[in-house]
Amino acid sequence: MFSRRNLLALGLAATVSAGPCDIYEAGDTPCVAAHSTTRALYSSFSGALYQLQRGSDDTTTTISPLTAGGIADASAQDTFCANTTCLITIIYDQSGNGNHLTQAPPGGFDGPDTDGYDNLASAIGAPVTLNGQKAYGVFMSPGTGYRNNEATGTATGDEAEGMYAVLDGTHYNDACCFDYGNAETSSTDTGAGHMEAIYLGNSTTWGYGAGDGPWIMVDMENNLFSGADEGYNSGDPSISYRFVTAAVKGGADKWAIRGANAASGSLSTYYSGARPDYSGYNPMSKEGAIILGIGGDNSNGAQGTFYEGVMTSGYPSDDTENSVQENIVAAKYVVGSLVSGPSFTSGEVVSLRVTTPGYTTRYIAHTDTTVNTQVVDDDSSTTLKEEASWTVVTGLANSQCFSFESVDTPGSYIRHYNFELLLNANDGTKQFHEDATFCPQAALNGEGTSLRSWSYPTRYFRHYENVLYAASNGGVQTFDSKTSFNNDVSFEIETAFAS
């Protein structure tokens, strides 16, 4: 006699390269929303995965799989975005329900962009390969969010649903709330039980699990649950995987959290049982909107990286989810390269020269804690030469990228704070390390390098009125002006004035 799982596997064997949503369909819990910038989630899907907008002329284009059911056409993105910046403006729904994710509007909390909207994600912050083919995930800095408040077919009230997401288990924080899933249609907090979304992070304000985090939890509104009880649940382990599969499902008086390494192995069940015994959570009052990277009320202080995810109609069986996990592992997610162009070498000492016409005698330097540009040459004072010289070290937050230590103030590094570049002493915190890590890429104007913030990949080293900022190509800050952006973010790497 065949088990349900064996029957499911036999049924799928007749389907060439069945995708996650084919597997859910075979398990009688079809996808009602399917989002990914890396690959098709149905074997037959060949439509648009996501939309890009480039900074040079605000033109948009869509990126589709190379073949039906295949990997995203990263080369089309690279060509479209060459010598400029690109944002991900839409993440398309592959299910046919039109549940596309777009820039999240203001709600209980305003976002940092124009009119209170959240920021859009850089198109190049999360490069990966799937089975050796290049693709890009969605690297979401604090303030970034996507949403659909008019979704079709998603669970409402106490209806059953399932969901999974493939996330970066090393990119997180303790702010509210890096979510993917079901939320309020008003972008406001309408009470306990009005959400059911995957959360990844190390917040301990509501629930938390074993160790120091991060944890997969469920955001049910007004609480993050790691198990049956509010607060601590020992069965929810800390996550250490670079690529994480997070799976959540909920129905009438039942719900579950499951998780796994998305690169190998099988799903583990961290909780499966009755709804929390607190007011508002049984029955649930789900509203059916879809969020990514934010809380239901547009809380937008969290960070994380999203590669793919779906929401289903009905409560998926463990066997169905196990088969989806096998499919994810078979996709072979591997970290891609964050750097391009002229290379830095850890341990070398450099000076960085401005390339903007009319300013090419100026170098990145500092005056006390202010990072600025100053005119420097061989006749300058020893003090100024040292202030304009930087020791390159392996990135404090990411070993692919780099941090820049002051020659004249050892132990102090260039970091961004409120998007100004400052010279501050390394305090050893995760926040400082992320603020002080920058990824070089081929200069946007073709001269040298452009230095992109690892933690805010829409933002680059930019000189503006002779002061250095972490600036975006267009934005709400004065120093985000598009005028001369490519020149202002491009620097020649030269032999240091001092060492």
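Using the three backbone atoms N, Cα and C, a Cβ is placed for every residue, glycine included.
Site annotation (Swiss-Prot, ligand substrate) includes ASP219, ASN222, ASN223, GLY296, HIS416, ASN418, PHE419, HIS463, GLU465, LEU468, ASP488; from ASP236, ASP277, ASP435, the additional listed residue is ASP435. Partner cysteine of CYS31, as given in Swiss-Prot, is CYS21 (from among CYS21, CYS81, disulfide bond).
In the three-state DSSP scheme, CYS21 (disulfide bond) falls into the helix class. Nearest to ASN83 (N-linked glycosylation site) in space, judged by Cα atoms and limited to the recorded positions GLU221, PHE419, CYS439, is CYS439. If you draw a 10 Å sphere around the CB of ASP297 (active site, proton donor), it holds 23 other CB atoms from the protein chains shown. Spatially close to CYS177 (disulfide bond) yet at least six residues away along the chain are TYR199, GLY201, SER203, ASP219, LEU224, ILE294, GLY295, SER299, ALA302, judged by Cβ distances under 8 angstroms.
Other Cβ atoms within 10 Å of the Cβ of ASN202 (N-linked glycosylation site) number 18 in total over all chains.
If you take the CA of ASP297 (active site, proton donor) and look 10 A around it, the recorded positions you hit from CYS31, CYS86, ASN202, GLU221 are GLU221. When every Cα pair among ASP219, ASN222, ASN223, GLY296, HIS416, ASN418, PHE419, ASP435, HIS463, GLU465, LEU468, ASP488 is compared, the largest distance found for this substrate site is 46 Å.
Over the region 'ABD' (336-499), the average per-residue pLDDT in this prediction is 98.
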